[in-house]
Amino acid sequence: MKEKALSIVILAAGKGTRMYSDLPKVLHKIAGKPMVKHVIDTVKSIHAKNIHLVYGHGGEVMQTRLQDEPVNWVLQAEQLGTGHAMQQAAPFFADDENILMLYGDGPLITAETLQTLIAAKPEHGIALLTVVLDDPTGYGRIVRENGNVVAIVEQKDANAEQLKIQEINTGLLVADGKSLKKWLSQLTNNNAQGEYYITDVIALANQDGCQVVAVQASDFMEVEGVNNRQQLARLERYYQRKQADNLLLAGVALADPERFDLRGELSHGKDVEIDVNVIIEGKVSLGHRVKIGAGCVLKNCQIGDDVEIKPYSVLEEAIVGQAAQIGPFSRLRPGTALADNTHIGNFVEIKKAHIGTGSKVNHLSYVGDAEVGMQCNIGAGVITCNYDGANKFKTIIGDNVFVGSDVQLVAPVTIETGATIGAGTTVTKDVACDELVISRVPQRHIQGWQRPTKQTKK
């Protein structure tokens with residue numbers, strides 16, 4: 001039998017009142033990415049035909065933040081329950097496809113669990129995702145007869161026997177489009193809250209003689225939703241520890257897996273060592289034997305073999321060659337490219353600059369919009385003056401150039417191979433090969449000088 005097409009509905013219209021935030025709840029982040037984006041990425045990996053995103057509160061913000069996502073935006077103008085949300089999406093359902101309902105505030109659901117749920121769906125019935133809890137207090141209980149689900153009973157409506165049930169409803173379900181549209185049209189809001197509940201389709205399916213089965217998730221955290229910042233923080237730490245464990249199993253040496261954050265994708269070689277409180281963002285690749293010191297932040301970087309990044313350095317969109325030494329307290333900004341065996345020291349900032357093989361910028365310097373050749377020494381306090389208040393200009397430094405301390409290189413300027421710039425010089429004109437350039441205020445010696453003294457108050 002031909003496999004049915006799959007469409008996804010992600011419910012994301014809630015206000016998230018308990019977050020105490022102007023930001024829509026589903027846009028709050030786990031591992032640097034909005035919760036709903038985690039869900040979207042997961043369903044994209046299972047090749048859904050359509051992704052319907054039901055939105056309401058903060059719709060303009062959501063559409064702006066998620067403008068590149070391949071979703072069909074479905075407005076739920078009034079939040080009248082989960083069933084009502086699904087009713088808004090129902091006109092887009094095809095009769096001959098499966099419809100999988102998810103929640104935008106459940107970011108940790110995995111593709112494997114969803115595929116298991118879809119595979120379990122009866123031909124014209126419903127498959128629910130459930131989980132067994134030691135303490136199910138507060139959750140809707142799954143009531144079964146002969147293995148099939150006949151009802152979901154909320155805590156307040158459960159009798160003594162039903163309260164003993166430990167299997168609870170996660171809210172995730174899959175059904176075929178034709179049947180689901182029928183059941184959604186039959187929902188009523190005849191309840192204390194005056195809302196339309198998706199759970200009522202279970203009774204409607206049973207009335208039609210359709211089978212309702214339940215698939216149990218192995219890990220409650222996978223289906224945990226977020227209603228407040230405490231829950232958000234709990235999911236963040238769980239997810240980070242899970243990522244850290246995966247890296248440990250892959251051979252990365254983490255000094256403390258509880259104090260490591262991965263907010264993107266990390267690829268790595270062998271014998272990588274990462275100290276505490278390191279943050280990885282975006283796409284980062286680490287070569288073999290890379291060492292990262294405590295408190296470093298790397299975002300969208302490529303790091304070569306045998307590089308050492310010393311504590312509290314910040315690297316963003318940088319490419320670092322083999323055996324480079326960086327830090328402590330260095331900053332590499334976007335557009336930085338360090339060749340092999342370069343040294344970037346403490347309180348040095350590099351921006352949109354190429355530093356050649358073996359060159360050193362070791363202390364208290366700013367190098368921006370520049371090309372630095374091989375085997376150069378850039379002394380302490382050197383500044384490339386690249387901005388005139390309106391435009392940026394480039395500094396070009398050839399090979400084997402020595403730049404002394406406290407030098408200002410006023411761009412645009414070129415310093416050719418082998419030149420030497422004396423300490424305290426302000427360079428405003430090009431320097432030829434092997435020249436020595438010095439520009440200083442003449443030194444004066446004043447004999448008998450006395451320091452001023454403080455005047456006493458009368």
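Quick reminder: no glycine exception, Cβ is built from N, Cα and C everywhere.
Annotation source Swiss-Prot lists active site, proton acceptor at H363, citing sequence analysis. What Swiss-Prot lists as UDP-N-acetyl-alpha-D-glucosamine binding site is 11-14, K25, Q76, 81-82, 103-105, G140, E154, N169, N227, R333, K351, Y366, N377, and the listing cites sequence analysis. Taken from Swiss-Prot, the feature Mg(2+) binding site covers D105, N227. For A380, N386, Y387, S405, A423, R440, the entry in Swiss-Prot reads acetyl-CoA binding site, with the evidence type sequence analysis. According to Swiss-Prot, the feature region 'Pyrophosphorylase' maps to 1-229. The region 'Linker' annotation in Swiss-Prot covers 230-250. Here Swiss-Prot flags 251-458 as region 'N-acetyltransferase', drawing on sequence analysis.
N227 (Mg(2+) binding site) sits 10 Å from G14 (UDP-N-acetyl-alpha-D-glucosamine binding site), taking the Cα positions as reference.
Ranked by how many other Cβ atoms sit within 10 Å of their Cβ, the binding-site residues G14, G81, G104 place G81 at the bottom. Distance from the CA of G81 (UDP-N-acetyl-alpha-D-glucosamine binding site) to the CA of R440 (acetyl-CoA binding site) is 76 Å. The Cβ of Y387 (acetyl-CoA binding site) has F393 as same-chain neighbours under 8 Å, each 6 or more residues away in sequence. A coil conformation is recorded for R333 (UDP-N-acetyl-alpha-D-glucosamine binding site) in the three-state DSSP classification, outside any helix or strand. Straight-line distance linking the Cα atoms of R333 (UDP-N-acetyl-alpha-D-glucosamine binding site) and A380 (acetyl-CoA binding site), rounded to a whole number, equals 19 Å. Least crowded of the binding-site residues (N377, N386), judged by neighbouring Cβ atoms within 10 Å of its own Cβ: N377. For the binding-site residues L11, A380, A423, the greatest number of Cβ atoms within 10 Å around a candidate Cβ is found at L11.
Looking at R333, H363, R440, the recorded positions in this record, the fewest other C-beta atoms within 10 angstroms of the C-beta turn up around R440.
Note: the CA-CA distance between A423 (acetyl-CoA binding site) and G81 (UDP-N-acetyl-alpha-D-glucosamine binding site) rounds to 72 Å. Most Cβ neighbours within 10 Å, among the binding-site residues N227, S405: S405 holds that distinction in the structure as shown.
When the binding-site residues D105, E154 are scored by other C-beta atoms within 10 Å, D105 scores highest. Inclusion criterion for the binding-site residues L11, G14, G81, E154, N377, N386: a C-alpha placed within 10 angstroms of the C-alpha of D105 (Mg(2+) binding site); this criterion is met by L11, G14. Residue pair S405 (acetyl-CoA binding site) / G81 (UDP-N-acetyl-alpha-D-glucosamine binding site) shows a Cα separation of 68 Å. Each residue contributes its Cα atom, and for G81 (UDP-N-acetyl-alpha-D-glucosamine binding site) and N386 (acetyl-CoA binding site) these two points are 58 Å apart.
Nearest to G14 (UDP-N-acetyl-alpha-D-glucosamine binding site) in space, judged by Cα atoms and limited to the recorded positions H363, A380, N386, is N386.
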